[in-house]
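Structure first, then comments.
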Amino acid sequence: MPIGVPRVRFLYDEDTGQVWIDIYNRLYRERCLFLTHTINTKIGNQLAGLFIYLGIQDDPKDIFFFLNSPGGGIISGLAIYDSMQVVRPDTQTICVGLAASMACFLLVGGTITKRLAFPHARVMMHQPLSTFFETQTGDAVMEVDELLKMRENLIEVYAQRTGKPHWVISEDIERDVFLSPTEAKTYGLVDVVGVTLI
């Protein structure tokens with residue numbers, strides 16, 4: 001029998017009083033966002049929208065972005081990343097399980113000094129992937145060209161946010177690189193290893 005999503009009480013306003021809402025909506029209202037699935041267009045749009053919504057509120061408190069994801073689509077991931085960068089409040093990124101591929105990119109995209117990995121988390125970075133074995137030759141060439149542009153874009157951001165030279169990032173992402181939280185801190189992907197939010 002599925003457990004479902006628990007509902008909790010929330011004081012909506014003085015007129016309405018308390019209402020029951022699911023726990024994720026309650027946490028969103030406390031400025032806590034979660035990425036716990038593969039990144040796709042739907043997830044990307046939802047998270048980008050939530051970042052923008054929280055960013056336009058008149059509240060300077062940090063946004064907490066919890067990551068436990070195998071990664072996913074580049075375009076949707078970049079939409080989330082760009083939304084994180086344009087909002088006024090700082091974004092604390094927290095890896096609670098696995099931040100792989102595009103989720104690693106989002107982890108490094110948090111406000112510098114406010115990127116955290118829990119002690120038993122894992123971080124994995126690699127170059128963008130694509131499958132073009134079923135496309136026509138012309139389409140495959142265009143896709144490869146676009147993929148190379150995205151790869152350079154990702155390398156640029158990783159280099160800026162980790163302090164590593166471009167060539168180091170380029171060589172390292174040639175294969176899957178799994179890092180412990182301590183290794184991720186040494187690399188510059190996170191700033192803190194622990195369980196206390198900054």
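Heads up, the Cβ atoms here are built off N, Cα and C, so glycines get one too.
The structure displayed is predicted, hence computed values, not measured ones.
As written in Swiss-Prot, here are the features:
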- S101: active site, nucleophile (ACT_SITE)
- H126: active site (ACT_SITE)
Densest Cβ neighbourhood among S101, H126 (active-site residues), 10 Å radius: S101
C-alpha spacing of the residue listed as 'active site, nucleophile' relative to the residue listed as 'active site', in angstrom: 6
Where S101 (active site, nucleophile) falls in three-state DSSP terms: coil
